[in-house]
């Protein structure tokens, strides 16, 4: 298919403004103490967390507050509370189910997948939000990786690629670029096929509000699928770490109103 670059108008309210979804307001930014690295096994500190996740079934994004109490070995992520193991890789949800965490050494934010006994799977990023006082005044670039799933008709793409998050803290905006996407595609009948350079995604002009950012106008360029101009878009992110050294978030681009493409994903980056 000929590559197409379609600029879709963001329609944030149609995706994630739902009852009980939480939001960035009222979430602690750990301004009282310096947060510990998520998987710091020597720490007994309690840190406030923010989770940003997508629900692929409901096609919503939610931002919720929570915490990790390392002395009690308990944690709350994406609204799911329970006991967390010593390695900080798993939360046994009190009401049933599990949250799987992927911490990295000395990192303040982690990827997670929440599978509660009741309710839909949630996938996203959780971590200690940067105190507003720690945010830089100029432009900072964060580099990392993005993980996406794309449903295009009967084709399902499972992809990973590079992400660059550029925060203009003086101007109050964030630009995010996802590129070099590779992975596999399957149509549910044949075996999966390896694919490379599947798409480039740019989300420009996200509004920075304290340690959170949201919105923006997306441009999707792909030789595999196309995204129409009426696609609805949800994009939420945050700056993490006591020195504002990490950025992460989640996104949904839904083009099923006039097409057959839905893009779900998360990203995590650091300076």
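Cβ coordinates are placed from backbone N, Cα and C, and glycine is handled just like the others.
Per-residue confidence over the domain 'Transferrin-binding protein B C-lobe/N-lobe beta-barrel' (136-265) averages 95 (mean pLDDT, predicted model). If you look up TrEMBL, you'll see 136-265 marked as domain 'Transferrin-binding protein B C-lobe/N-lobe beta-barrel'.
Sequence annotations record features per position, and here TrEMBL assigns signal peptide to 1-19.
Taking DSSP states H, G and I as helix and E and B as strand, the domain 'Transferrin-binding protein B C-lobe/N-lobe beta-barrel' (136-265) has 0 helix, 88 strand, 42 coil.
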